[in-house]
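First up is the structure itself, then whatever we jot down about it.
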Amino acid sequence: MKQKLSIVKIGGNLIEDAQGFEHVLGLFSKMDGNKILVHGGGKKATELGNKLGIESQMVNGRRITDPETLDIAVMVYGGLVSKKIVAKLQALGTDAIGMSGADGNTIQAHKRPIKKVDFGLVGDVDKVNAYAIFKLLQAGFTPIFCALTHDGRGQLLNTNADTIAAELAIAMSDQFETTLYYCFEKKGVLQDVEDENSVIKQIDSKTYDELLAYGIIADGMLPKLHNCFYALRNHVSKVCVGNSEMLDQSNVEYTTLTL
Ligand SMILES: Nc1ncnc2c1ncn2[C@@H]1O[C@H](COP(=O)(O)OP(=O)(O)O)[C@@H](O)[C@H]1O
Ligand SMILES: CC(=O)N[C@@H](CCC(=O)OP(=O)(O)O)C(=O)O
């Protein structure tokens, strides 16, 4: 029987909320078994860019990344956010190790080809080195991945953290029975984004199409759900979307995705 693995992605709004940040890391540190954390930090990158006079430009939930913006992404995702998370998890007794896709050659990508939009230094994932990650888990480390990949020729690339989480979950699913948790500030995918009590408990491919057609899913939820179904179609056992409480295995409401 395969061992279990939990992959938890935490979003930018959670990271920016001091209380929410402590809470989610506390719950993550208590999770049993093999686990990996993936974090964004898009909000912080936008904030730092503004302070430096470099305006952010997002298209379809993805950041247009020129060389200066990439430097900000590296500083914020690979530096500030990663190291804060690692230090907090160490204090909670979790032996965390901060990773970009360049570290241990764990995630190789290529620069997204220019079609309608030139996203600049944004990476589409080619290859995850599942063996290197397996070795880290086996050695007792908890890998903490940020939203950076590399092209194997010395170029770092900015890759959406939701995508990194899905690609990791898919690659690790050969070896593990993997559950992918997309953890953000709301209770789940909501029927009405203004009403926290309108959690849609289950979404299958058919409901997904309907929700898209009615415009119930918008903004950052579009790439998130796209990644959820991409993971499910590629042998990830379970995919959930919800707030931190979802990690507690308690009886809270959240959204489960099925094919
Ligand atoms: N139906 C929906 N249910 C919940 N959130 C939604 C929905 N449609 C759009 N959203 C928006 O998507 C956002 C989450 O996407 P995003 O900000 O990219 O997440 P993350 O914080 O994980 O990066 C929510 O804050 C919300 O504003
Ligand atoms: C290419 C691209 O869009 N990369 C994202 C990576 C960070 C991220 O995904 O952060 P959240 O999860 O907090 O949104 C960005 O720069 O915003």
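Placement of Cβ uses the backbone N, Cα and C atoms for every residue, glycine included.
Just so you know, TrEMBL annotations never went through curation; they're auto-generated.
What TrEMBL records for GLY41, GLY42, ARG63, ASN158 is substrate binding site. Listed in sequence order, the residues of the same chain lying 6 or more apart from ASN158 (substrate binding site) and placing their CB within less than 8 Å of its CB are ARG63, THR65, THR69, LEU70, ALA73, TYR77, LEU121, VAL122, GLY123, ALA147, LEU148.
According to TrEMBL, the domain 'Aspartate/glutamate/uridylate kinase' annotation covers 5-243.
What TrEMBL records for LYS9 (among others) is site 'Transition state stabilizer'. Taking the Cβ of LYS9 (site 'Transition state stabilizer') as centre and 10 Å as the limit, one finds 28 other Cβ atoms among all the protein chains shown.
There are 22 other CB atoms within 10 A of the CB of LYS224 (site 'Transition state stabilizer'), with all protein chains counted. The annotation site 'Transition state stabilizer' is assigned in TrEMBL to LYS224 (among others).
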Proximal but sequence-remote residues of the same chain as GLY42 (substrate binding site) (Cβ under 8 Å, at least 6 apart): GLY12, ARG63, ALA147, ALA161
DSSP state at ASN158 (substrate binding site), helix/strand/coil: strand
Residue among the binding-site residues GLY41, ARG63 whose Cβ has the most other Cβ atoms within 10 Å: GLY41
LYS9 (site 'Transition state stabilizer') and GLY41 (substrate binding site), Cα-Cα, nearest whole angstrom: 11
